[in-house]
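Colleague: If you scroll down you'll find the structure; I have some questions about it.
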Amino acid sequence: MHVLSLTSSLIFRFLFLISTIPISPAKSTTSHLQTQPRLRHRKLSIDYYSKKCPQLESLGCDGSILIETKKGSKNLAEREAEENKELREEGFESIIKAKALVESHCPFRVSCSDILAIAARDFIHLGGGPYYQVKKGRWDGKRSTATNVPPNIPRSNSTVDQLINLFASKGLTVEDLVVLSGSHTIGFAHCKSFVGRLYDFKGTKRPDPNINPKLLKELRMYCPFSGRSSRAALPLDATTPFAFDNGYYKGLGSNMGLLGSDQALFLDPRTKPIVLEMARDKQKFLKAFGDAMDKMGSIGVKRGRKHGEIRKDCRVFL
């Protein structure tokens, strides 16, 4: 696939959003559904499209985050949730273009969900990360609502307890939590995500004592006290912000974590040993990240007409 302008936050949250949202009951079969592929296998597989669309990987995961809110509707789609407002428009456009290209070769064969999963892998690899095999066979979900976003994604100020509980609710371990947080080795965050740490940490009227003093000084230059409205975006990994490596973990050891939820991983005895392990061994991190993405990508996937659909346009339901 082409180089995609996806942010690390989109990579990190796409599987939380696409595979765990409840779906509405299936509608009656229409003539259009007759053109969609029949469900043959219950499990995802690497070679799912080997016959139906063998060129898929060279052309280029419930894609509910791609759905746009209908004009005039009061029911906002996931894309319009406050937590998703900072996702870059270029990322969505890249997926739409990739889907159009795939449709021109393999109409009604490949889901938006699978295209999103493959795009995330390709972006990670182009940034220097692992090239892991993406299991395919997902169908697109039939529901996308903004209200489902807040309880299903990590927050910038989440405690380690909250993070562990959230990941556990998806069947993910503490190690998965720390490894997947490594996606913050690339990407940026706006001031409103961390400005509280700079001036009024937990209501103390003082900065978070766990911020590196030099980092604090620099962040305050870009994010004034009223920085919640600032459009400045700072790198999640101050050392190597454009490389998918283990610099994120090394930074945590120097109190260089941008988000409170990131730095908390180094302060908690349950997660600190894993952070140190990932900081010591880049190759171990890359291998673990690919494995964790594969694991997360298999959570609660939609399969078959009863639970999903194969959309022609990722922005609208059939």
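Placed from the backbone N, Cα and C atoms, the Cβ positions cover glycine too.
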Colleague: Tell me which of Cys191, Cys314 TrEMBL records as disulfide-bonded to Cys223.
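Modeller: Out of the candidates Cys191, Cys314, the one TrEMBL links to Cys223 is Cys191.
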Colleague: In TrEMBL, Cys112 is disulphide-linked to which residue out of Cys53, Cys314?
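Modeller: That record, TrEMBL, gives the partner as Cys314.
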Colleague: Quick check on the binding-site residues Thr185, Thr240: which one has the highest count of other Cβ atoms within 10 Å of its Cβ?
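Modeller: The largest 10 Å Cβ neighbour count belongs to Thr185.
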Colleague: I'd like to confirm something. Which of the recorded positions, Cys112, Pro154, His184, Cys191, Cys314, has a Cα closest to the Cα of Thr240 (Ca(2+) 2 binding site)?
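Modeller: It is His184, whose Cα lies nearest.
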Colleague: Fill in the CA-CA distance, Cys191 (disulfide bond) to Asp237 (Ca(2+) 2 binding site), as an integer in Å.
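Modeller: Here the two Cα atoms lie 15 Å apart.
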Colleague: I'm trying to understand the geometry here, so how far is the Cα atom of Cys223 (disulfide bond) from the Cα atom of Asp237 (Ca(2+) 2 binding site), in Å to the nearest whole number?
Modeller: 17
